[in-house]
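Taken straight from TrEMBL:
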BINDING   D:Arg98, D:Gly136, D:Thr137, D:Arg138  phosphate binding site
DOMAIN    D:22-152  domain 'Exoribonuclease phosphorolytic'
DOMAIN    D:172-238  domain 'Exoribonuclease phosphorolytic'
Number of protein chains: 6
Amino acid sequence: MVAIKDLLGETMIRTDGRKVDELRPVRITRHFTDVPEGSVLVECGNTRVMCTATFTAGVPRWRKDSGLGWVTAEYAMLPRATADRTDRESVRGKIGGRTHEISRLIGRCLRGVVDMKALGENQVQIDCDVLQADGGTRTASITGAYVALVDAMHWAEKHKHIRSAKRVIKDSVSAVSVGVIDGTPMLDLPYIEDSKAMTDMNVAMTGSGEFIEIQGTAEHRPFNRAELNALLDLAEKGNKELQAAQQSALAQD
Amino acid sequence: MVAIKDLLGETMIRTDGRKVDELRPVRITRHFTDVPEGSVLVECGNTRVMCTATFTAGVPRWRKDSGLGWVTAEYAMLPRATADRTDRESVRGKIGGRTHEISRLIGRCLRGVVDMKALGENQVQIDCDVLQADGGTRTASITGAYVALVDAMHWAEKHKHIRSAKRVIKDSVSAVSVGVIDGTPMLDLPYIEDSKAMTDMNVAMTGSGEFIEIQGTAEHRPFNRAELNALLDLAEKGNKELQAAQQSALAQD
Amino acid sequence: MVAIKDLLGETMIRTDGRKVDELRPVRITRHFTDVPEGSVLVECGNTRVMCTATFTAGVPRWRKDSGLGWVTAEYAMLPRATADRTDRESVRGKIGGRTHEISRLIGRCLRGVVDMKALGENQVQIDCDVLQADGGTRTASITGAYVALVDAMHWAEKHKHIRSAKRVIKDSVSAVSVGVIDGTPMLDLPYIEDSKAMTDMNVAMTGSGEFIEIQGTAEHRPFNRAELNALLDLAEKGNKELQAAQQSALAQD
Amino acid sequence: MVAIKDLLGETMIRTDGRKVDELRPVRITRHFTDVPEGSVLVECGNTRVMCTATFTAGVPRWRKDSGLGWVTAEYAMLPRATADRTDRESVRGKIGGRTHEISRLIGRCLRGVVDMKALGENQVQIDCDVLQADGGTRTASITGAYVALVDAMHWAEKHKHIRSAKRVIKDSVSAVSVGVIDGTPMLDLPYIEDSKAMTDMNVAMTGSGEFIEIQGTAEHRPFNRAELNALLDLAEKGNKELQAAQQSALAQD
Amino acid sequence: MVAIKDLLGETMIRTDGRKVDELRPVRITRHFTDVPEGSVLVECGNTRVMCTATFTAGVPRWRKDSGLGWVTAEYAMLPRATADRTDRESVRGKIGGRTHEISRLIGRCLRGVVDMKALGENQVQIDCDVLQADGGTRTASITGAYVALVDAMHWAEKHKHIRSAKRVIKDSVSAVSVGVIDGTPMLDLPYIEDSKAMTDMNVAMTGSGEFIEIQGTAEHRPFNRAELNALLDLAEKGNKELQAAQQSALAQD
Amino acid sequence: MVAIKDLLGETMIRTDGRKVDELRPVRITRHFTDVPEGSVLVECGNTRVMCTATFTAGVPRWRKDSGLGWVTAEYAMLPRATADRTDRESVRGKIGGRTHEISRLIGRCLRGVVDMKALGENQVQIDCDVLQADGGTRTASITGAYVALVDAMHWAEKHKHIRSAKRVIKDSVSAVSVGVIDGTPMLDLPYIEDSKAMTDMNVAMTGSGEFIEIQGTAEHRPFNRAELNALLDLAEKGNKELQAAQQSALAQD
């Protein structure tokens, strides 16, 4: 943490009053809807994403007779998740590049903590639908989808589709965004900060503190190794706290 | 009401304990999300629909220089609104017939109570996204969308886009489903009843008790004039109660 | 009929000289083309629709091993059926909402008179292609498609695909539009009337006088119960006459 | 003609009793529908195509301010034009290769006889919809579309959109198929012959006897120069007769 | 050849200095990429097309159990093959008419020289991707694809998928464009000539001098029989030379 | 470099004989085709990508009157770039998620080194078409596209569309893949290594040694901070060498 403090200074305060290394308030609501095997509403500040996990016995054709399961994800925004209404991709008749990119990211992150052999030839489909967007929708999706996935695994264990939910879920996973704003590395960017970030990074980590996915982009100003390290430190801190929120949500029942 | 009692008998009880002429519990939550001009969560029993109303200054090109406004609607289901996951229409690359049909129905019902001249050259886009589906999603959408529309009109009045919300909204509108199950006309069908209805009718009515839309279908057994009248009586009763719920939600602030 | 007379007045005359409760001239030509199992040209005034019925042994996958048949319908307009050329939906790459809605309506109406068990695991595909459109294309389609369906059933009986055409066809079905123009309920609206109707209703009825489908829309002015009853009386009269035309066409050969 | 006789032998008779150099009966019905500027039903044997010509003032954007007009064409088959039902391209969501190819061919042939300067900045859209298909649908479309085009030009002259229909239409155009069946060149192939042709050629010619388009395909057996010449002789004969039919149809009123 | 000389005059010289009956320089590079069963770069002047042949054991479903093979082709342009960038058809979401037409042409030409029985139930997919376009891309594609096809057949013979490449390839095939420019028939048109040709013809011929495909178009000025004959003479000369280039390329190794 | 040696051991040798920190042979061919403003063939081992840069005066509508330019990119694979033929996205009718993701990545990387103000209201479209794929196609695309972009800027300077190519191009950019295979971090993975990598990272860097984009994925095994650092060291080394190759190619003329 020493390195960050040096880079950030002690006194930096953000529009919403948070410190540079402070997460927005996180709320994770399980059983948000009744029907899915896992159904979670995750709220990170004003960002709200509904994450469902659908368990299906059997796998897609290309995966048949492998003895392995599969996990896939789809991400979408409701039209008025955003300040200006976004046209539906169903109406436009095609999925946009951003949607594709995020859906693939979520799928990879969850697969990164699933033991496909323990899952057996079963499939989990994750759906992340953004009800309200205020930055960090993709990272909130990952954080919420993990909880929905765990619930779906418990459902599957209870209904004898899998032997043990614990063996399927090798580790937990959460994700958070970090970025450099006006030269200062910051944790968990809302839309207003995100839009003026020079560098923007999404970091998904496991409960044991390793990386599943790092996506850093510097469209506006390249970043150096020192900044990268500061950002990764922030991301580690944020993910630890998100994982605490996940555990606490999963502890209730 | 006399006619119904004769047809129905007094003692008929349904799976969920309701009487044949009893609505499911209705809840209408305004300001469900923060950003849209109108944002409503409507719950009719287990059916939950998020309805937003987007106000935009200006109209589509074909409506330009007419002095008239426009109201349009889009309906969609989230993948796990249903017991089995439904593929996203964005992924399939096209809107299905049912979605088209319902979107058009919602649009017509709302246009039926809007004074386009008073709206002026402005557009309202209604989005109804079903979070959970247990029958009657299209009628719940209409009932909720009306409330979102009113909120959007107040927003527009406050922001000087229109002169008077009251003059734009000529009347209220709500809708409910009715159907004949095992020979008995019933009000407000959940999925389990809907799927075995011989006749199925959706009725949208104004606050002053007139019809905006009647859609009756008898794929399984044709219906006669007497049954039709019994169904319309039930629909009138249900819509009156739904309109009371709308008024009560709009009274709060 | 008394009620109607009261509402309508005795002297109302329409642009085309018809009385308010008078159908346009109907012509039903069987064997319009040579190849289909049923091929009918139906003309209602200037509206002309070619209706074919395609019989196929076997049913779609989701219907397999049910012992039941299936009937489905597709509706389309030729580009110059209308005064202004309408772009082809094949060129636009998608089916519009109106087309979807009408195709589904036609399918439901015909299924309403078919005994799926007697049809056995066979499929009938109805195609309604509008050669010329002057209002009432969807109701003309239903009226014509019924005749094509009967011819296809006779073909299937003759070729031993089904036991008895009579047992498959439980009843006849026809449809007609009615509407309120300038406060007056009228039967069978051509385009010019349809476009200024305050209320517009399509009513499909069986030969035994029951309702298969009622679709009433009041985008421009809601309607009350009395008007609804007047419209339904007109629709009953119209459908009776259309069914006489169907029977007379089917009697020839 | 000498060359043909040598190649063909004198006695060859076809399934339908025609001689090898004999056209199927041609019928051209003008004003087939009421609304289009030109509307023609062309029948070549059992092949029936409805051809409409839509006149629109103005040209597509890329043609603006050129002083030149434009002619374009679209071809389609109704689902039951064929013995087995063909899926609608609107439902499949895309135009197939064959449809594209034929639409482009028809457009080129008609443009080949139109003086774009005399047409001025106006557009003609040709629609050829096959009601019944028995071989030669693309050539029948060209033959019929020419007549519809002429009618549309007269309409445009009458309505003062163009100065002179005669100056726009530089020449007439018709088309016919020829092919080699079992080693014998033949004129105007119905489906049964077309499907077993070794070589298949569509030839569009002007009234003054020149070629607009030649498309010869030898998927099953290459052809030599002598056969080519025999086929071209047959096509010349057939086109002359088709042009006589066109003139005779246009002479009536 | 006499006829041509008369028509052409002796002294005509073209922009690029070629004689009217002279081909552009042809270069055929085999093994252009490493992975495909056949991979050829064909260059005709500045036109460069990469042609690959993919051999797959098995045929499409509709061809199963016929004992016959299948050959199919797809043609596409890279976006900057042309002077102005052409939008990708993948991005537009559909294949254009021109692409469809050319893909089908290439497929037909190659099938014209393949013995489907000797190929057995195997499939060859030809891909022709234009790296640089300067007229004649479709004919260059055919010429190059033939060489790729032969290489793929040798690969298949070596890997025991077919008995004998020689028996599969019944004959060679090449193609060339010819056209009438300012009244003069010319061989092998580059883009600048092609765009001002009155008549434009693509001619595919076998090594034994017969025709596989003739496509002549006269959008700008019809052509007569004498011109047609002159064009065919030029095409014969050009194809003979292209076939020599094919043989010489195939002789190396 | 010390850190790497410790992690890697000294003796590790790869399938293709390279050391763990050794690039595959790089070849950059400018002016690969004649027409585009920039046209480059980049070869990294067996991976070959054709990169073109299209300069267009003017920007897309949403960018108008901003005084700023725009750079965008599209990536695609030819069907037989891969061992098994990949279906064309144009034929499937939509762009896949992977293609979208890579196109967006390339665009961001190039925009990261472009001064949009100096570019003015002009657009550069980058097209990267993979002729042959053996791992690292997206990073090779970035490396090659940079060179094409520079050539296009020189063209634009020469043709007075921009003032100074040097001022537009703020820095160079290249990219390389790194990954952990069997626990060993390695530089520049061919397909065979890529497919068994536990962790896979693409790193785009500027000539001045800063990061433009980092994308690390650990679908198969999470990675820790030490491994991340080793991978970044390798990427730095690789990118330095790639930038030397870029400079050397650009030095020629």
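Note: Cβ is positioned from N, Cα and C throughout, glycine not excepted.
Heads up, TrEMBL stuff is auto-annotated, nobody curated it.
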Cβ neighbours of D:Thr137 (phosphate binding site) where a neighbour is any other Cβ within 10 Å: 24
Position of peak Cβ density within 10 Å, selected from the binding-site residues D:Arg98, D:Arg138: D:Arg138
Per-residue pLDDT averaged over the domain 'Exoribonuclease phosphorolytic' (D:172-238), given as an integer: 94
Helix, strand and coil totals (DSSP H, G, I; E, B; other) for the domain 'Exoribonuclease phosphorolytic' (D:172-238): 18 helix, 29 strand, 20 coil
Which same-chain residues, if any, lie at least 6 apart from D:Gly136 (phosphate binding site) yet have Cβ under 8 Å of it: D:Cys44, D:Gly45, D:Thr47, D:Val176, D:Ser177, D:Asp188, D:Leu189, D:Pro190, D:Asp194
The domain 'Exoribonuclease phosphorolytic' (D:22-152) - residue tally per DSSP class, helix then strand then coil: 45 helix, 43 strand, 43 coil
Output field, phosphate shell: CB within 8 Å of site CB centroid, site D:Arg98, D:Gly136, D:Thr137, D:Arg138 dropped: D:Tyr75, D:Ile102, D:Val130, D:Ala133, D:Gly135, D:Thr139, D:Ala140, D:Ser141
